[in-house]
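Worksheet: one structure, shown below.
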Ligand SMILES: *C/C=C(C)/C=C/C=C(C)/C=C/C1=C(C)CCCC1(C)C
């Protein structure tokens, strides 16, 4: 099983690598395009993390494996989107907004699912937790997209997006999810949950800040907005998964 999975992960990575090479032939990155360079750096970090999570999946205790799989799916999906996003950027110099939101629409619910899975790895968790986090996510992203793509007033989109985010924060701090984690009596879970919650608070705050400066105050250009979103994705997708991996590795019963 472990061997098969590793083979699968390596094949997937090789295939992704091949498509990456194809892109490199048609798109030339200018040496002074720092935004383009940030797209390339983050895409490669996402590729490496994907390989890492899929291979490491076999070394964590059984109850934590699904969380590590989901971490690898998040970085894998984002890797593919980053290849498209960097092409859009390098070729047109425009923000790849629609690819970004498609990526967020898939990866953010998966990240939310992680809160549920880490709780479920230790105790029974109520599926209401998952659904409430999902509703908050959809409100946040749909509001933000409608605002960024100018379907609705940018301030209205922002307000709707913030409401969704606050609902998520309420759930993980004071709602059922937060209470479950606090009561679990499992040190690794409490540590991981606390760190994941900090990422969703501090790391995620970068996106609405980018939105405000990029669309509402008019004080920032597409360059800064994209560098900020790219750096935020690095933290919120890769570091988030590594925190879960570290918690899983500190649990008794892991494979040697
Ligand atoms: C991997 C991608 C992640 C974790 C993306 C997260 C995106 C957000 C937390 C976006 C939040 C927004 C608001 C809170 C309000 C305004 C609009 C958004 C969508 C930028």
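Just so it is clear, glycine is given a Cβ too, placed from its N, Cα and C backbone atoms.
TrEMBL has this to say about the protein:
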- 34-55: transmembrane segment (TRANSMEM)
- 62-84: transmembrane segment (TRANSMEM)
- 104-122: transmembrane segment (TRANSMEM)
- 111: site 'Responsible for spectral tuning' (SITE)
- 114: site 'Primary proton donor' (SITE)
- 129-146: transmembrane segment (TRANSMEM)
- 152-173: transmembrane segment (TRANSMEM)
- 185-207: transmembrane segment (TRANSMEM)
- 227-248: transmembrane segment (TRANSMEM)
- 237: N6-(retinylidene)lysine (MOD_RES)
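Against the transmembrane segment (227-248), stretch 185-207 shows more Cβ pairs under 8 Å than any other of 62-84, 129-146, 152-173, 185-207. For the residue listed as 'N6-(retinylidene)lysine', the number of other Cβ atoms no farther than 10 Å from its own Cβ, over all displayed protein chains, is 27. Within the chain, the transmembrane segment (104-122) has long-range Cβ neighbours (under 8 A, six or more residues past its boundaries) at 63-64, 66-67, 70-71, 73-74, 77-78, 129-130, 133-134, 136-138, 140-141, 168, 172, 177, 180-181, 184, 186, 189, 192-193, 196, 236-237, 240, 244, 247-248.
Beyond its flanks by at least six residues, the transmembrane segment (185-207) meets 114-115, 118-119, 121-123, 144, 165, 168-169, 172-173, 178, 228-229, 231-232, 235-236, 239-240, 243-244, 246-248, 250-251 of its own chain at Cβ-Cβ distances under 8 Å.
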